[in-house]
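Asker: Below are the structure tokens for one structure; questions will follow.
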Amino acid sequence: MEQFYWVRRRWRQLISGRGLYSAPASQPTKSSPELHNTERLPGKRRTVVARHGSHQHEYHNISKGYHGNRIRTTKYSLLTFIPMNLFQQFHRTANLYFLFLVMLNWVPVVEAFQKEITMIPLVVVLIVIAIKDALEDYRRYRFDQKINNNIASVYSGKHQTYVDQHWQEVRVGDFVRLSCNEIIPADMLLLYSSDPHGVCYIETANLDGETNLKQREVVRDLPQQCSELTPENFHGRIECENPNNDLSRFRGYVEHPSKVRVGLHNNNLLLRSCTVRNTETVIGIVVYAGHETKAMMNNSGPRYKRSKLERRLNVDVLWSVVLLVIMCLTTAIGHGLWLSNLKEAPFLITDSVSPALAGFYLFWTMIIVLQVLIPISLYVSVEVVKLGQIFFIQNDKDFYNENLDSRIQCRALNITEDLGQIQYLFSDKTGTLTENKMVFRRCTIAGVEYPHEENARRLEVYEQEDEAMGRSQTLKSRTSAKSLSCKSLSCNRSSLSLQTLTGYPEEEQEPPSPTLHQQSPFSSPMEKHVAPDRLLVQKLNCLSSPLFLLRDASMELTYIVDFFMALAICNTVVVSSPNQPRHVVKVPEVSPTKLKSLDEIKMLFQRFGLPRFSALSPPHNTGSPRSFTRKYFTRRKATSFSPTPTPSKNGIEPGGERNPQPSAQNAGHGEDGDQEYQDEEEGSGELGSWKGIEDNMVPLNVGDMSRLEISNGEQGSAGEPGADELIYEAESPDEAALVHAARAYGCTLRGRSVEHLLVELPGMGSLAVRLLHILPFDSTRKRMSVVVRHPLTNQVVVYTKGADSVIMDLAESPKSAERSDSMQGHIRKQTQKHLDDYAREGLRTLCIAKKVLEEEEYEVWLKHQVFAETSIENREELLMESALRLETNITLLGATGIVDRLQEEVPETIEALQKAGVKVWVLTGDKQETAINIACACRLLRSTDHLLTANCGSKGMCETLLLDLRKEVERREAERGDATDVTSGFAMVVDGCTLDFALQDDLKDNFLELSQHCRAVICCRSTPLQKSQVVRLVRDKLRVMTLAIGDGANDVSMIQVADVGVGISGQEGMQAVMSSDFAISRFKHLRKLLLVHGHWCYSRLANMILYFFYKNVMYVNLLFWYQFFCGFSGNVMTNSWVLIFFNLLFTSAPPLLYGILDKDVSADTLMKLPELYKSGQNSKAYLPSTFWLTMLDALYQSLVCFFIPYFALNGSDADLLSFGSPINASALLIILLHQVIESHSLTWLHAVVLVGSALFYFSFTLVFSMVCVTCSPPSNPLGVDKLQMSEMHFYGVCALTTVLALIPRLLFHALHNTISPSNTLKAAMMDQFNPEDYCKRMQRWNQTQIT
């Protein structure tokens, strides 16, 4: 290596040119004033100046209207609680209705009861809800106090230093200093970092759930860039956008006293609630505080939706209003007719009120008397029942995930019953159906496919271990027979693989270093350790060989090196290690080389007659899966350098000169480049990708692999630089998989700063790569790029990775020789073939490409890029345009195939949901072949299904194809003659382009009609917008219940549009979870959530609501029948206290228990018989016919309950209250026993509540009749109930009435369950058999369902 650096230094003397990292003389810098946008923000904007500094005199005028940092999430205060809570409660229609009744009862001419009694139901409801609201608000208050009283170090102008202050005292314009592991108190502009490169790292887990570190940068071109910021010396004025909730965008600029403006972007902003990591000190100025911070503006709290059952409930409440009006009109008309037929009756008080006016008054009196018909307590009871249901869902141990230490989250509190009515399920693929643990599987470079067979065997060993533990499996294990090729291994090699894979490395079994706050995501052993391909290793080892590659062979090696260079640096990965928080890039002072290719580098060594690279052999180690790599590579110590950095005036820190210390002799000297090349893999078919031009290639003898080496930079001797283990913190599992794959081949990313990357290349040691620009990934471009200055050629190179559908279109033939054109065409053809093969195996594919820019071309593009970066208005659009301008005419390098394993029990879950009648759609951004493969693996598609494929390039073709496919489906249905069987045998696959056409207004109906004939639909290459459009189309057009499930930010819109949104807390952060109604950790949990808890919640709540209507109508009818015997006067046969308390207290608890604990079928049976779920889909428990049958039953029972006591006491001397006493007692017993008949399960809790309700009623009435003298004027209940309960006649009447009232319902249930039992009843009966009979009946059931 020493000779290598001497050569580069000598080459500098031979070639004149600019420094390696210096810009061209005419090239504008990013801080040039003429490049900065001089337009101000139009309209409203925010100006921020330092609270203590040169702008102090104008600070108060500027920031007068800005919020402080004190947060308040409570709704009330001690003074405002009562008025505000009442105001909010009276927004409910039911409460307003009962307030109207209370006020109406104060009108003397329509008064029905004592004024205080009428207020009791409303007051009780208001108090209960107010207590609940007060407890919730107090919990929020305590949390607010805890947050507001946190301590932060804030600059004090009075003390001229940083002092500790509470968060709530921080203001916009304050300077805040934070240390490592401290939480950011407000949105701050980063002005200083102790990192020498002006960066800091933050963890956004408190904000979006992502645990990987994010890099933030200090604002460019500050005067004190390299020393700690002094607030008094900050004279800049900050202009930025008004507060908003967009976490990914921040626009503005800093205007210095010299009128130079520096653009601001999202990477300059530290967001509230994030945590500073791996950085000793940062200083920032607060730009948004308190409720104006992005974190608080995104805090929307729990989600509230209105369920389908609740909408049906509101309709039935309106029907109750109609019944109430009819009953009141009947009594009003009857009262008027009764008065008109009486002439001078002695018991009437003579007045001037006409019969018509008296009837009008009585109408309103009856509204008060029959108020119970409108169930005010039903809404409160429904809320209580849903809370109880959520409690049991959240405490279901089957939803607990030990690995993540998480359980299900119910974020929407009022749609639990919708879980039992889902008809369409829309699912994302990656991270939802699969693990989202991306593992590098294979690759193709320059048209040559490298199958990585040893890597495949490694993954199979992991798979066997996971299957033994009941975990997930790879897609290939279910869908491809190619995975069985590992049988060709010898016993010895297979044994070695098992030994190396079954145990973790010794260093990984040690406890984690205290310097790391947690384990890095995407870093499991399976994801990190890649077994290299033998052929690819041989070719890369040529880079360290004393032999030379010439002409096209050198071109292929150039492709390979660029391919792995792109894998290593085309990302945003943060590098750290257990004993070093972050790897700082120290830039070496190396000679500027003008070498254009690896050919020239190698010819340079040939001219000097020097060996190019020295080799070292590492100690032998077979204790970890890394031995796969060691079987092919012998390691040497990574060359390192650690000069003291000297800051330059433009903020770039050139390092010192490298002084490597060679510790071993050179491997050999390459003096003859014309040795014969003997292909060790002569039988390989993939090597033929280069055979079309093999006549122009000079063969090379790869030589003995034991003499060749590649530095993996992974281990070394203790205490040596580079000996520590690297930890990669990536934003996505794809990035992590590619970086780990590059590292397996010796292309190791060792450090990152704002402007440089430290990369170790095979045989070359560590090289500092100047990072010029990062063009991040977005869903529109579907790719990301980095612009770097190559460390060897000094050229500006663009490395791009992205979706193959995009990269293949952008990869065009370079403007070079015809032979290069034909080579690129050959590479594109072969790469496309390999991509199709990867997709058929279910692999995720990414294409890798590069582009070399001329200096003039780069200068032109840089002007546009800097203008876009510093623009305030339309910054995103300008950046997009600049990226599109750069990413053209790129050179295709190759592609990768990444395997993403299915989660455990995904096939079983989808199969069960389909049996339950749920139509499953998969909406994914993957290739069509990949989507089909995954659909087959998870049993969404069956081998007997007819696959309908829709791939169209125009709207006209799409319309024709949809019509043709529909005709084909109808023809097959007609041939079979059974449409039901045929529809279950069709599946449709639609690509993104066709989906765009199908979602247009004139094609929507055709698309939906075709999809209704399909048991499954797969939409591939779909964007987040298309996902939400598909869900909305199906939901609105078909009027069905929809559920959307996903795990990433691209699924948020789909989750929010669906009736029920489910988020998976997986590898891609918590955006989907925070937008969801329910959050689970695994897709398999959806099975029990829907089939068991969904079924229970719906049936329980539906039956409880019907029971509520029944008991109210039944009791109100008793009062109505009495009007026919009292001249329709509005009088009642019971005291008003019992009338009010009957529904409010005596019969309120049993429905709650009924709605929370009733269980029609056991959980095991519901899981084994998914068909039972269909009853909820069809709303069989709560149909309009069911509602009216319940009303008729209530009508019959009220007739029996009224007229049996009437005829029993007819002709006796019983007074009004004595007549009403057996009626009330019978009504109570009928209502309670009615619930016993309707309940599917009875426990000791049911017995306690039912018996307790009855005892409570009899105790209350007995005590009331003994002590109350004037409690219910003008009637006197004293001794009435006591006397009635002392006579056997009373109990005989109650028993006869109860039996006659309930006999019809008992007979109906007996006949119905005997003649036509429901599937739910059949399943419930199975639970009562012993295990052997149960299994036999279950088999018989399944056979019946199949036939």
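Cβ from N, Cα, C; glycine included.
Pasting the relevant annotations from TrEMBL:
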| type | residues | note |
| --- | --- | --- |
| REGION | 21-40 | region 'Disordered' |
| COMPBIAS | 24-35 | compositional bias 'Polar residues' |
| TRANSMEM | 94-113 | transmembrane segment |
| TRANSMEM | 119-135 | transmembrane segment |
| TRANSMEM | 313-338 | transmembrane segment |
| TRANSMEM | 358-380 | transmembrane segment |
| ACT_SITE | Asp428 | active site, 4-aspartylphosphate intermediate |
| BINDING | Asp428, Thr430, Asp1047, Asp1051 | Mg(2+) binding site |
| REGION | 503-527 | region 'Disordered' |
| TRANSMEM | 557-576 | transmembrane segment |
| REGION | 635-693 | region 'Disordered' |
| COMPBIAS | 639-649 | compositional bias 'Polar residues' |
| COMPBIAS | 673-684 | compositional bias 'Acidic residues' |
| DOMAIN | 1073-1317 | domain 'P-type ATPase C-terminal' |
| TRANSMEM | 1104-1125 | transmembrane segment |
| TRANSMEM | 1137-1157 | transmembrane segment |
| TRANSMEM | 1187-1209 | transmembrane segment |
| TRANSMEM | 1216-1237 | transmembrane segment |
| TRANSMEM | 1243-1269 | transmembrane segment |
| TRANSMEM | 1290-1311 | transmembrane segment |
Asker: To the nearest Å, how far is the Cα of Asp1047 (Mg(2+) binding site) from the Cα of the residue listed as 'active site, 4-aspartylphosphate intermediate'?
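Answerer: Between the Cα atoms of Asp1047 (Mg(2+) binding site) and the residue listed as 'active site, 4-aspartylphosphate intermediate', the distance comes to 8 Å.
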Asker: Could you list the residues of the same chain, at least six apart in sequence, whose Cβ is under 8 A from the Cβ of the residue listed as 'active site, 4-aspartylphosphate intermediate'?
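Answerer: Looking at Cβ-Cβ distances below 8 Å from the residue listed as 'active site, 4-aspartylphosphate intermediate', excluding near sequence neighbours, one finds Val922, Leu923, Thr924, Lys1027, Ile1045, Gly1046, Asp1047, Gly1048, Asn1050, Asp1051, Met1054.
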Asker: Report yes or no: does the transmembrane segment (313-338) come within contact of the transmembrane segment (1216-1237), defined as 3 or more CB pairs under 8 Å with a sequence separation of 6 or more?
Answerer: no
Asker: Against which stretches of its own chain does the transmembrane segment (1104-1125) lie, if we need a Cβ under 8 Å and a gap of at least six residues from its ends?
Answerer: 309, 313, 316, 320, 323, 327, 330-331, 334, 366, 369-370, 372-373, 375, 378, 381-382, 385, 1131-1133, 1139, 1142-1143, 1147, 1151-1152, 1154-1155, 1158, 1182, 1186-1187, 1190-1191, 1193-1195, 1197-1199, 1201-1203, 1206, 1223, 1227, 1230-1231, 1234-1235, 1238
Asker: Excluding the flanking five residues on each side, which residues at least 6 beyond the ends of the transmembrane segment (119-135) place their CB within less than 8 Å of a CB in that stretch?
Answerer: 75-76, 81, 85-86, 89, 95, 98-99, 101-102, 371, 376-377, 380, 1140-1141, 1144
Asker: Can you tell me which parts of the same chain pack against the transmembrane segment (358-380), counting only residues 6+ beyond its ends and a CB-CB cutoff under 8 A?
Answerer: 92, 94-95, 97-98, 101, 104-105, 107, 109-113, 118, 121-122, 125, 128-129, 313, 317, 320-321, 323-324, 327-329, 331-333, 335-336, 339, 1105, 1108-1109, 1112-1113, 1115-1116, 1119-1120, 1123, 1128-1130, 1132, 1139, 1142-1144, 1148
Asker: Cβ distance under 8 Å to Thr430 (Mg(2+) binding site), same chain, sequence separation 6 or more: which residues?
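Answerer: In sequence order, Asn436, Arg844, Asp900, Thr924, Gly925, Asp926, Asp1047, Gly1048 meet the Cβ cut-off.
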